[in-house]
Amino acid sequence: MPDNSRRQFLSLLSAGFAASALPGWATTPPLPARKIGVALLGLGGYSSNLLAPALEHTRYCELRGIVTGSQEKIPRWQARYAIPDTNVYSYDDMHRIADNPDIDVVYVVVPTGLHMHYAVKAANAGKHVWCEKPMAMNTSECQAIIEACKKNGVKLSVGYRMQHEPNTQLMAGYTKNQPFGPIKAVSSFAGYGGNGLPANNWRMKKNMGGGALYDMGVYPINGARFITGLEPVAVTGRHEKTHADIFTEVDETTYFTLEFANGLVADCGTSVVKSFNRLRVDCEDGWYELSPMQSYSGVTATNSNGQRFGAISGMQQTLQMDNDALALLGQGPIRVPGEEGMKDIQLVNAIFQSASSGQKVTL
Ligand code: NDP
């Protein structure tokens, strides 16, 4: 985005118009006659703390329904977000959502190992699907989601919030004009640590998509692909365990490389016990980086020209869901389609294969 429109966008954000001048939009798309109705499926931490609050600021979509397995959560959600009884579903009766014109999209926000099951159910109910990252456990599951959406004539977006974040978009845009020359090296690391060990829940279960590479690894993978615009042709992987007694099923820290056809190598890592949060691109004539690269707030871009692009003040999830809603309103592309989520899952699986064989895996 040119500097002027970027400044304008940031001032609009600080004035509280978080979604009214979406990055990448020359003019603000008009308000729709009717906003897209979203049902959140799975009312855990991410839905409660990020997505539902972000939906209070969206311009093109709003929270209209919930799908949950926890009866006790229902009264609080209904009261907080004015959700009528008719828009409350359990996982068992969610097929009834097909008859509910209030709901246009089901946003799947359950453990990764369950994404495919519920995304297919939502598509079969004739609703558009927003699916959280990582998209699913393997490429067959990703393909099943894509096919179910195609078969039912509904659209699919994967919840990569960083692809909607303005500073990340700005850095990805550098690949077009190469203001710092050709890329020489990429370093992409995302992990959380410092808060003790992760809770002993689905994030410690292999069949649920727990562990570092599924949960956090898709950030450095997707970040490296997005910021270079290139697709890896080979990967290597290596696990590191310092708490083998606790991480009995899943990986704790995984280091990996992504090799691209032009010889470029991205050096990457992810962890659920170590703090990493930086995406750096070194070029022939300079460098640029995002640090932190994937936090909910504070994502800042800097470059070797001494420029600093400060964090946005709105929520990334608001931008993401408004972009995804606009795509459903026929005003713009789906920025992160299922095929994009599936590429990362193919890489996740290849990195696991390399870590277990000790060999480079060619794609
Ligand atoms: P939580 O554990 O906090 O919540 C998961 C929710 O899923 C539960 O509260 C429950 O909701 C529902 N659920 C249904 N079946 C099960 C089951 N068998 N075991 C556990 N929970 C179940 O997870 P998060 O909210 O942190 O993560 C959910 C998804 O969102 C994951 O795919 C994760 O990767 C993604 N995520 C994405 C983030 C991002 O930045 N894009 C950040 C955090 C998470 P209920 O009680 O309503 O049935």
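Just so it is clear, glycine is given a Cβ too, placed from its N, Cα and C backbone atoms.
Under the heading domain 'Gfo/Idh/MocA-like oxidoreductase N-terminal', TrEMBL lists 37-160. Sequence annotations record features per position, and here TrEMBL assigns domain 'GFO/IDH/MocA-like oxidoreductase' to 180-288.
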Summary of DSSP states over the domain 'Gfo/Idh/MocA-like oxidoreductase N-terminal' (37-160), given as helix, strand and coil counts: 57 helix, 25 strand, 42 coil
Taken over the domain 'Gfo/Idh/MocA-like oxidoreductase N-terminal' (37-160), the model's mean pLDDT: 98
